[in-house]
Every structure is written in structure tokens, then in C-alpha cells.
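Notes to accompany the following structure.
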């Protein structure tokens with residue numbers, strides 16, 4: 001059996017189609033001066049062909065996925081035709097006498113590598129998008145064939161080293177039953193698109209292309225993260241039964257989509273989605289999100305050569321506000337720094353950037369950045385129910401300073417005659433132990449909290465979650481972290497405020513009952529997790545969850561705490 005990263009759930013049975021393209025061989029020899037213009041023309045001609053292909057793919061993506069996914073390829077075209085990218089490639093051809101393919105490869109690979117070095121998984125996996133564009137450009141420069149996946153004529157399970165977003169957009173969905181790749185991650189655009197299509201997929205297997213041949217009979221079990229190659233009839237029968245069970249469960253979960261997250265004894269909470277762009281709103285709605293608990297705005301600042309203007313930001317926030325209608329959207333101001341550096345901002349070299357110049361620290365030092373973003377959010381609030389949230393807060397002084405700035409920007413907009421929501425709510429992320437321990441004081445200054453468990457866990461336990469040597473110590477359900485979370489929830493309630501959670505823990509099924517019992521008011525997560533979390537909440541009693549939370553928080557170790565939680569789940573047969 002083969003396993004990897006479960007990208008999109010489901011089970012598929014079918015023959016393997018192994019995708020192999022001609023190898024791209026880069027010509028690295030130096031060219032003579034009289035060949036420079038010829039190589040520049042090769043680059044420009046190859047780019048024109050690649051752009052035309054992407055335009056066709058964009059149109060097909062719009063027809064298949066809707067406008068949200070069409071925008072992915074609009075972004076690909078913009079990057080391919082980026083003036084700075086063009087100048088860098090032409091400069092290498094002219095100044096270093098590189099061939100068109102060598103120059104294009106060096107520039108594209110440099111951008112992809114820079115993204116891969118980030119700690120944020122979503123941003124790291126944008127490297128695959130950049131390489132997708134680069135591969136298409138190189139194949140056109142070199143005159144190599146490009147596989148047309150829309151021409152597949154029989155039912156198959158695709159097996160490939162990797163599938164790019166542009167390849168995924170071309171799939172013949174009547175014939176492609178699922179796919180398996182050597183590379184890739186759960187938050188890559190390819191995985192996101194597979195989930196949009198509800199197409200079973202396992203990525204990141206490492207070596208599936210070396211273990212599978214064309215025509216092999218496969219079972220792609222993207223429920224239990226297993227790939228079976230030429231299985232026995234007994235295994236096929238067993239997995240057919242699992243497939244029926246999955247279909248039944250999926251139908252049951254779908255019935256919960258538009259139902260409230262309310263317990264058997266009448267306690268109601270909100271279940272919302274985390275999004276990065278307006279493209280994600282459609283998936284949130286399809287899975288029954290009751291709003292957006294985290295809109296990550298930093299993606300507006302990435303893959304550019306300058307800060308986005310107020311007008312550019314206003315257009316993006318307005319699009320999300322209008323797409324969400326009457327549902328609330330919590331807009332987090334840019335969380336740049338740490339693992340998310342911007343090349344155009346000249347970040348200082350820091351020994352520990354996660355504890356350095358980042359998030360609101362940048363915003364308060366560079367007031368023009370704060371001004372443009374907050375004004376844009378305020379203006380967009382006239383078109384929907386937006387809330388503003390500031391990350392990486394450690395003190396009351398910071399919150400007061402930020403609120404003072406907001407009042408200045410509100411007055412500017414009044415003077416300019418520009419509409420905004422005068423009563424827009426202001427909140428902060430609680431993701432540092434400093435904020436958690438003064439939560440009672442912070443609650444007097446803001447309208448709501450949202451707990452960021454990823455960083456809160458990392459800072460509380462002094463564990464770098466990206467360090468494989470100590471990653472086992474990264475335990476969001478440790479008693480120390482959970483007791484801090486309880487302290488934050490209680491502090492907000494004491495001041496008549498509410499607390500949400502937008503970290504990974506909010507979508508962790510093992511933690512749902514515990515967080516519910518601790519009094520969490522809002523759960524925000526990846527959209528695909530919403531139906532299952534709603535099911536858990538609707539199948540339990542709030543009073544039982546409170547008893548569980550009280551007992552669990554009294555446990556001295558993570559193991560003892562988890563034993564208690566698992567026993568409760570088994571006895572109540574909730575999940």
C-alpha cells in the first residue's frame with residue numbers, strides 16, 4: 001500500500017494513467033553577443049504562447065469552477081506578464097549572455113525557492129503555482145509538447161509526479177476519477193481545486209510514480225489515506241462497502257449544511273470559515289459557514305513588487321463583503337513578518353523574526369501601511385458586515401494606540417464624504433501568552449477576541465513547530481495551552497464580550513467538545529471541516545461538554561487529558 005497526504009476525501013476504483021512529460025533540459029551555455037536579440041525574442045515568443053494557453057485555461061476554469069477559481073489563472077497570467085519578471089529575464093540574457101530558457105528558469109526558480117523557505121504552509125505551497133507558470137513558459141520556449149488532460153477518453157485514476165493548478169483545471173471530469181501525486185501538500189491550489197470538485201486525491205506520496213505502472217488497477221482510498229495497487233477481490237469488496245458508507249455519511253452531513261450549530265440542550269455557537277481571498281467564499285458557503293472568522297489579508301501583499309494601494313485593498317475587501325452578504329467577516333490586518341517577508345520592504349536581519357518586527361509592530365512603525373489598510377477596510381464596511389482584527393497584540397497600550405489611529409481615519413473619511421460602518425467592531429487576536437494573561441484588561445478595550453492557537457501554542461510551549469527535532473512537543477491540547485484558552489474565554493465573558501478561535505484547533509474534531517464546554521462562542525476553520533464539526537456540536541449536550549471541560553482542565557498531562565476526552569467521545573458515540 002501507498003500513503004501520502006490526504007488532499008481531498010473520497011474513494012475511487014480504476015485503471016492507472018501514469019503521466020510523464022518530456023524532460024525539460026536547460027541549455028546553460030553562454031551565448032555570443034550577436035545571439036542576444038534572438039534569445040530575447042525566443043523568450044517573448046514563448047511567453048506569448050504561454051499567455052494564450054493560460055487564457056484558454058482560465059476560460060475553462062471559469063466554466064468548470066466559477067469565477068473564484070478563474071481568478072487563480074488570472075493571477076498566473078499577471079505573474080507571467082509581470083514587467084519586473086520580464087526585465088529580470090531579459091537582463092540575464094543581455095548582461096550574462098544566458099539562453100532564454102536558462103534565464104527564465106533562474107528567475108522563476110528564485111521566486112519559487114523564496115516562497116518555499118517561508119514557514120506558512122499556504123504561502124509555501126504557492127511555489128507550486130510559480131513553478132507551474134515557469135514550466136509552461138519553458139516548454140513553450142523550448143518547443144516541447146504540453147499534455148492535454150481534457151482529451152482523456154477512458155475512466156482513469158491519474159498518477160503523476162505532480163499536478164499543477166493549470167493541469168487540474170483541464171481535467172475531463174467525466175473520465176478522471178481521482179489523482180495521486182509524488183509531490184504536493186494539503187493547502188496547494190491543486191488540492192484546494194480537488195476539494196472544490198470533490199475529486200478524491202492523495203498527494204505527497206513521495207514515490208507513487210515509481211510504484212505504479214500504466215494500466216495497474218488502483219483503489220484510491222482518500223478516506224483512510226491508502227492507495228492499493230492491483231488489490232485482491234476481497235480488498236475490492238471491503239473498499240466498495242467503505243465507499244457506500246462514505247457516500248451515506250456525506251449525504252447525512254450535507255443535510256446539516258444550513259442548520260445552526262446548536263447542542264441538544266439548546267446552546268448555540270457559530271461555525272465559520274477561514275479564507276485567504278474572495279475565491280474561498282464559494283467553498284465556505286457550500287459547506288454551511290455562518291460567516292468568515294478569519295480573512296487573511298496578507299496574501300494581497302505577496303507576489304508583488306510594491307505595497308498594494310488603498311484602492312486595490314478596498315476593491316478586494318469590498319468583493320469579499322459583497323460575496324458574504326449579511327454574514328460577518330473578520331478582516332485581520334496584515335500579519336507580515338516572521339515567516340512572511342516582503343522583498344520590497346527591506347526587512348532587517350533578525351536573530352528571531354517570529355519575536356521581531358512583524359504584524360502590528362510594522363503597522364505602528366509604518367503608519368502609512370496601517371492607514372491605507374484600515375481606511376480600505378472601513379470603506380468596504382459600507383458594503384457588508386466587516387469587523388477589524390489586529391494580530392500579535394501584547395499590551396493594552398498597543399490596542400489604545402490602534403484605536404486612536406482608527407478614529408483619525410474615520411474622521412478623514414467623514415470629511416471626504418466616504419461611507420463606512422460607524423459601529424464597526426474592533427477585535428484582537430490572542431496568540432501570545434502576554435495577551436492571554438491580561439485578557440481581562442484587553443476585553444475592556446475591544447469588542448471581541450479570536451484565539452490564534454497555532455502561535456499561542458508555539459509561544460506558550462517554547463516550541464518551534466517547524467523544527468522536526470522537537471515538533472512532537474507541539475501539543476495544542478496540552479493543559480498549559482488549554483488553561484490559557486479558558487482564561488481568555490472567561491475574561492471576555494466577564495466583560496460581556498465574545499471569543500472565537502481561528503487556529504487549527506478550532507477544526508480539530510478531538511477538541512470540539514472540550515472547546516464547546518469551555519465556552520468558546522465561535523469556531524472558525526477550513527471550510528471542508530465545517531459539516532463534521534456541526535454534526536459533533538448538534539449531537540451533544542452543552543452541560544455534558546462543560547463537565548468534560550472542567551475535568552479535562554484539571555488533568556496534569558496531555559495524555560491523561562486526551563484519555564478523558566476520548567473516553568467521553570466513545571461513551572457518548574458522538575463523532
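The backbone N, Cα and C atoms fix where each Cβ goes, and this holds for glycine too.
Taken straight from Swiss-Prot:
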type	residues	note
ACT_SITE	189	active site, tele-phosphohistidine intermediate
BINDING	296, 332, 454, 455, 465	phosphoenolpyruvate binding site
BINDING	431, 455	Mg(2+) binding site
ACT_SITE	502	active site, proton donor
How long is the line from the C-alpha of residue 502 (active site, proton donor) to the C-alpha of residue 454 (phosphoenolpyruvate binding site), rounded to the nearest angstrom?
9
If you run the three-state DSSP split on residue 502 (active site, proton donor), which class comes out?
coil
Nearest to residue 431 (Mg(2+) binding site) in three-dimensional space, by Cα, is which of the binding-site residues 296, 332, 454, 455?
455
Neighbour count, 10 Å Cβ-Cβ cut-off, for residue 455 (phosphoenolpyruvate binding site): what number do you get?
21
Applying a 10 Å Cβ distance cut-off over all chains shown, what neighbour count does residue 296 (phosphoenolpyruvate binding site) have?
20
Which one of these recorded positions has the most other Cβ atoms within 10 Å of its own Cβ: 332, 454, 502?
502
Number of other Cβ atoms within 10 Å of the Cβ of residue 431 (Mg(2+) binding site) across all protein chains:
27
According to DSSP, collapsed to three classes, what secondary structure does residue 332 (phosphoenolpyruvate binding site) have?
strand
